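**Q** According to TrEMBL, the protein carries these features:
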| type | residues | note |
| --- | --- | --- |
| DOMAIN | 1-396 | domain 'Major facilitator superfamily (MFS) profile' |
| TRANSMEM | 20-37 | transmembrane segment |
| TRANSMEM | 44-71 | transmembrane segment |
| TRANSMEM | 77-94 | transmembrane segment |
| TRANSMEM | 101-122 | transmembrane segment |
| TRANSMEM | 128-147 | transmembrane segment |
| TRANSMEM | 223-240 | transmembrane segment |
| TRANSMEM | 252-273 | transmembrane segment |
| TRANSMEM | 280-300 | transmembrane segment |
| TRANSMEM | 306-329 | transmembrane segment |
| TRANSMEM | 341-365 | transmembrane segment |
| TRANSMEM | 371-392 | transmembrane segment |
């Protein structure tokens, strides 16, 4: 950002530019979360990919910092439509035994992307060329239109049974199994012919939205707790990524090492989350990250640097495992009719945590010291762990709820 002299007393501009990205993510989460439930997961996914490609290249030619911030907000706007929708599609296309694999695989490629980003940033020091290098590979994702099917669960939820049948028949053929003829007539014990479905089609099922998340005591309790968990995990994850030297060390090296440490963390998810359960695993991740952060305040400035590095790596590994497992845990808490809206809102409020982290890492911590970042990060993660243990149910091995009534009961 030397092009616009964003240094020293103007560091607030750097924080504002980074916050613009998260503001874009926030708006994108609200828009794409609703659209994903209304027009389908797949259409939203590709609208977001196209937008990311356009904004990614525009960032390299923005003439002023405020135009750069606007285009960066557009990039942020596209990302919930890609990442959150991809997670929802992955969760809805597989059964309970494969949900953890879908979530862990997503997090694994995210970690690989982080390592690549660190390496590119270290060697491509011109930010304009860096945006070109990082944006170009997204063109390959347009080919996913022919590879990724629409979510069969979503198609069933909006009573598009024939479309769902085409998706499931293809999957059944690949797996060497057979589906019952007109299987949709057996849903909920209803014996309905396709002709009856056609007669009923003009009567559309009621579209559920965000307010439905607050309609019953159980769903309201789950929603409020999860809506606290997401901004906290986002705050700590992005805060440690943006300020990877907060506990000591080189910013580039720590960033790349942080990407590598995420891989074994994700492997631990795959091994342990079905053994000890989602609830305890996620709570432990929050607690471990918080304890490691707060313990750094007790380390003397003359202490060996490797101690701070170990604390950073444990914190990064713990919060990475928490973030990835939260993507697995959260959708399992909500019924199909509002799942994408719930995940969209989770992604929306998570941006508040990321925006807070931007100012904490790029402005407050630099001006007043690292304690102003570490203490709120550590305390809020420990509170998150307590809320999970007290208020949320275990979802391990349970079928995804389809309706609000199932959660109520």
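Note that the numbers count up from 1, one per residue, in the order the chain is shown.
Every residue, even glycine, has its Cβ placed from backbone N, Cα and C.
Walk me through where these features lie, including what they touch and how far apart they are.
**A** For the transmembrane segment (44-71), the list of distant contacts is 1, 4, 6, 13, 16-17, 20, 28, 32, 35-36, 77-82, 85-86, 89, 127-129, 131-132, 134-135, 138-139, 141-142, 144-145, 148: same-chain residues at least six beyond its ends, Cβ to Cβ under 8 Å.
Taking Cβ pairs closer than 8 Å, the transmembrane segment (101-122) reaches residues 83, 86-87, 90-91, 93-94, 130, 133-134, 241, 252, 255-256, 258-260, 262-263, 266-267, 269-270, 320, 323-325, 327-328 in its own chain, all 6 or more past its ends.
Same-chain residues lying 6+ beyond the ends of the transmembrane segment (280-300) with a Cβ under 8 Å from its Cβ atoms: 229, 232-233, 236, 247, 269, 272-273, 307-308, 311-312, 314-315, 318-319, 321-322, 325-326, 329, 370-371, 374-375, 377-382, 384-386, 388-389.
Packing against the transmembrane segment (341-365) from elsewhere in the chain are residues 11-12, 14-15, 18-19, 22-23, 25-27, 29-30, 32-34, 36-37, 76, 80, 83-84, 87-88, 208-210, 212-213, 223, 226-227, 230-236, 238-239, 242-243, 246, 330-331, 333-334, 372-373, 376-377: each is 6 or more residues past its ends and has a CB under 8 Å from a CB in it.
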**Q** Checking distant contacts: for the transmembrane segment (306-329), what same-chain residues at least six beyond its ends satisfy Cβ-Cβ under 8 A?
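**A** Same-chain residues near the transmembrane segment (306-329) but 6 or more away: 87, 91, 99-100, 102-104, 106-107, 110-111, 229-230, 233-234, 236-237, 240, 244, 246-249, 254, 257-258, 261-262, 264-266, 268-269, 273, 278-279, 281-282, 284-286, 288-289, 292-293, 295-296, 299, 381, 395.
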**Q** Do any residues of this chain, six or more beyond the ends of the transmembrane segment (371-392), have a C-beta under 8 angstroms from a C-beta of it, and if so which?
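**A** Hits for the transmembrane segment (371-392): 221-222, 225-226, 228-229, 232-233, 235-236, 239, 243, 246, 279-280, 282-284, 286-287, 289-291, 293-294, 296-297, 319, 333, 360-361, 364-365.
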